[in-house]
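Engineer: Here it is: the structure, laid out below.
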């Protein structure tokens, strides 16, 4: 009888005594991993006549896909919008630290900055796989500077720009390069934004609508030109109005092109969005909800003064304000906290809460064939969680990269 070695010399690991999130359900099955990928056990048994080299007892844990954070401005004292000589070590530190919060891949996010910052920082961000060194980098999220002055939020007004002169050429000159860019947030009411949206979409870059005073028809037009995301729904946009619901109206619009889904980010930290608003959005369009942290340098640090790009911000508990004002600026919530708060606030199933931080962001970025699920052939990026959705261990490509230290408990 041929051994496992007939196909590959790599060891096969069997995770047993667990509940796996697959096909939107927690299923009592084992998870099989080889060479960083999730295996189909039937093929292993019947085609290869193979078996496990290593068996791990998961002690009835939930196994879910790793979380994907598509909007994170920094953390642990690191600000992705500051051009520093040791930028690379900063991004390495954040990617390492977020493993304990269940994040296995992320989009480092830059808030509105001068062109010189983009020109210095973007060449230092490269798409890379995750591992023991930290979470994988999927590409940068550029939030601004092509946004509305009225809804700038924590973004510095003197750095805001428009498309009026050269449209896409202006954007290229501002950013310097789009090589590592995955998402661009812009205000769709700006003149010539349709051209820009089409050009970005053509290059495989996700366009997100945010920091905007757009009405619903402007938002719908942007979606028809290729936009697929809304940056932190309800925050930094016109409030919902029954005669013109603005960008929020995209959640139930009948003008979305066939086969297209609009996704929307939500900062589920209990501060940025009232639980009732979170429930309204979730009930209106559950399959589009993407949990984001919008975390900034102060995440993981003590209260006090920290930075967000060009601005000084003050942290008071979970509240973060531009110093000296009551303007909210980013968050200090971690992804696992957002998942737990979302589940508690909406009363949704455990499966739904976990998919909002894994499957949905993967679908948004078009990478659901390899991330965000535990389907056969997917990357073996997954978490072990307890029933209260606290992360116990994080795995990337089938290797344990973080585990909760229970020795002192």
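Cβ coordinates come from backbone N, Cα and C, glycine included.
What TrEMBL lists as domain 'Amidohydrolase-related' is 62-401. Per TrEMBL, the feature Zn(2+) binding site maps to 143, 211, 232. The annotation substrate binding site is assigned in TrEMBL to 154, 235, 236, 243, 272, 328, 329, 330. The annotation active site, proton donor/acceptor is assigned in TrEMBL to 294.
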Engineer: Mean pLDDT, the domain 'Amidohydrolase-related' (62-401)?
Structural biologist: 96
Engineer: Fewest other C-beta atoms within 10 angstroms of its own C-beta: which of the binding-site residues 243, 272 fits that?
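Structural biologist: Candidates: the binding-site residues 243, 272. Fewest Cβ atoms within 10 Å: 243.
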Engineer: Checking the recorded positions 143, 211, 294, which are within 10 Å of residue 330 (substrate binding site) at the Cα level?
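Structural biologist: The recorded positions close to residue 330 (substrate binding site) (Cα within 10 Å), listed in sequence order, are 294.
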Engineer: Round to the nearest Å and give the CA-to-CA distance linking residue 143 (Zn(2+) binding site) with residue 329 (substrate binding site).
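Structural biologist: Here the two Cα atoms are 13 Å apart.
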Engineer: Would you count the other C-beta atoms found within 10 angstroms of the C-beta of residue 328 (substrate binding site) for me?
Structural biologist: 20
Engineer: Report the largest Cα to Cα distance, in Å and rounded to a whole number, among the residues 154, 235, 236, 243, 272, 328, 329, 330 that the record lists as binding substrate.
Structural biologist: 30
Engineer: When a 10 Å sphere is centred on the Cβ of residue 143 (Zn(2+) binding site), how many other Cβ atoms does it contain?
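Structural biologist: A 10 Å sphere around the Cβ of residue 143 (Zn(2+) binding site) contains 29 other Cβ atoms.
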Engineer: Around the Zn(2+) site (143, 211, 232), what further same-chain residues have their C-beta within 8 angstroms of the site's C-beta centre?
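Structural biologist: Those within range, site residues removed, are 71, 111, 144, 147, 153, 155, 185, 208, 210, 231, 235, 236, 294.
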Engineer: To the nearest Å, how far is the Cα of residue 236 (substrate binding site) from the Cα of residue 211 (Zn(2+) binding site)?
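Structural biologist: Computed Cα spacing between residue 236 (substrate binding site) and residue 211 (Zn(2+) binding site) is 5 Å.
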